[in-house]
Ligand code: GLN
């Protein structure tokens with residue numbers, strides 16, 4: 001039986017790649033939805049653990065042994081993971097049910113969720129048009145927006161949780177780098193990859209974070225207990241009216257649409273009315289962040305993806321004979337999509353001697369950014385104990401999350417054909433927090449009774465390294481008032 005392609009089916013089209021071991025086509029959406037409902041019902045009766053009664057969907061670059069873990073790539077379309085990622089185990093132990101895996105831009109590379117082997121995710125926030133959901137965690141964001149699950153996991157390397165959350169009108173939280181285990185998360189760029197949480201309710205996002213905010217000895221980048229205990233001494237939010245909010249002038253970029261400027265302006269105005277102090281600040285390295293990010297990320301991606309040669313790992317197309325070189329190049333050319341191939345070429349060039357010292361220059365920008373960012377915060381960065389905090393600094397920074405509203409799928413294809421770099425500029429507001437490893441969140445901000453209330457509006461809030469609690473508490477207060 002094929003389901004009629006009704007509006008609601010079209011809305012969730014593309015979100016789910018797999019449902020617990022099965023490939024999901026239109027026929028399966030129905031059973032998926034009834035399964036979600038019955039699980040909710042079941043769990044509600046058995047409310048004994050912190051996350052009992054909740055269900056979640058994980059981005060399909062997070063390993064799970066049932067079904068496939070594909071990274072939305074042909075290279076891994078038949079890959080079955082022998083193990084379960086730590087984050088999934090932690091959530092299941094806390095009583096939550098994993099009900100599916102979500103679509104993404106291939107290996108997390110993209111900001112549209114159009115660059116997937118399984119086709120694009122369509123943004124459920126727009127009723128009559130096919131607009132992008134944002135990426136790369138577009139499936140996770142769309143699933144949360146469509147209420148398929150209580151929350152979803154995504155990964156954020158340069159904005160991939162925050163941007164789709166903003167485009168679909170849900171919350172998207174990227175914790176401090178290293179707080180949440182990445183064991184079992186297929187790497188894109190390991191100095192940046194961070195597991196993030198998407199949800200509709202800030203209380204749920206906090207609860208999920210509390211569950212997965214743990215040291216994991218299997219992950220070498222997991223922050224050790226000693227630093228975690230230093231973090232627990234950082235100041236917490238007292239009253240929202242005492243908050244000092246920094247507004248980095250470098251976020252006022254040319255690409256910022258008047259729509260996003262207005263959302264930013266309205267948010268700051270509303271916060272001022274609540275009694276917060278609004279303070280312009282300057283972080284000059286933000287201007288160089290996007291180029292530093294794309295240099296670092298492509299180099300790391302090229303190195304990580306070199307394992308998919310179709311011999312040891314990944315899709316193997318080779319039934320015609322040839323040299324090892326022929327076989328591997330045939331496998332890789334047919335297994336990876338255009339965007340992934342582009343990053344591999346860019347990254348291998350960056351790492352080659354011909355490129356000069358691009359990679360080193362990018363890491364210098366990154367170091368400078370960390371330092372400048374640290375100087376605008378009023379609290380101590382626990383990894384730089386010899387640098388003193390700025391006594392008259394800020395508690396949080398605020399900017400818009402996106403430069404302009406999500407485009408239609410047709411606009412995306414046209415833009416990409418003309419110049420693929422145009423989609424890279426979508427990340428201009430989100431990459432600085434990723435490069436610095438600091439926590440950041442995208443929060444839906446909906447003014448009441450404006451002609452545009454149908455378009456998801458969003459702001460980004462950034463906090464000092466390790467002070468995720470302040471960020472979440474501030475967000476909660478803010479959401480109660482807006
Ligand atoms: N759009 C960015 C990129 O393609 C961010 C991706 C991400 O955060 N995974 O690199």
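Glycine too: its Cβ is placed from the backbone N, Cα and C atoms.
Over in TrEMBL, the protein carries these features:
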- 59: active site, charge relay system (ACT_SITE)
- 136: active site, charge relay system (ACT_SITE)
- 160: active site, acyl-ester intermediate (ACT_SITE)
- 40-472: domain 'Amidase' (DOMAIN)
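Taking only the Cα positions, the spacing between residue 136 (active site, charge relay system) and residue 59 (active site, charge relay system) is 9 angstrom. Taking the Cα atom of each, residue 160 (active site, acyl-ester intermediate) and residue 59 (active site, charge relay system) are about 11 angstrom apart. 136, 160 are the active-site residues among 59, 136, 160 whose C-beta comes within less than 6 Å of an atom of ligand 1, given in sequence order. All protein chains considered, the CB of residue 136 (active site, charge relay system) has 36 other CB atoms within 10 Å. Non-local neighbourhood of residue 59 (active site, charge relay system): 101, 102, 104, 108, 136, 137, 139, 140, 152, 153, 154, 155, each in the same chain, at least six residues away, with C-beta under 8 Å from its C-beta.
For the residue listed as 'active site, acyl-ester intermediate', the count of additional Cβ atoms within 10 Å of its Cβ stands at 35 [all protein chains shown]. Confidence over the domain 'Amidase' (40-472), given as mean pLDDT on the 0 to 100 scale, stands at 93.
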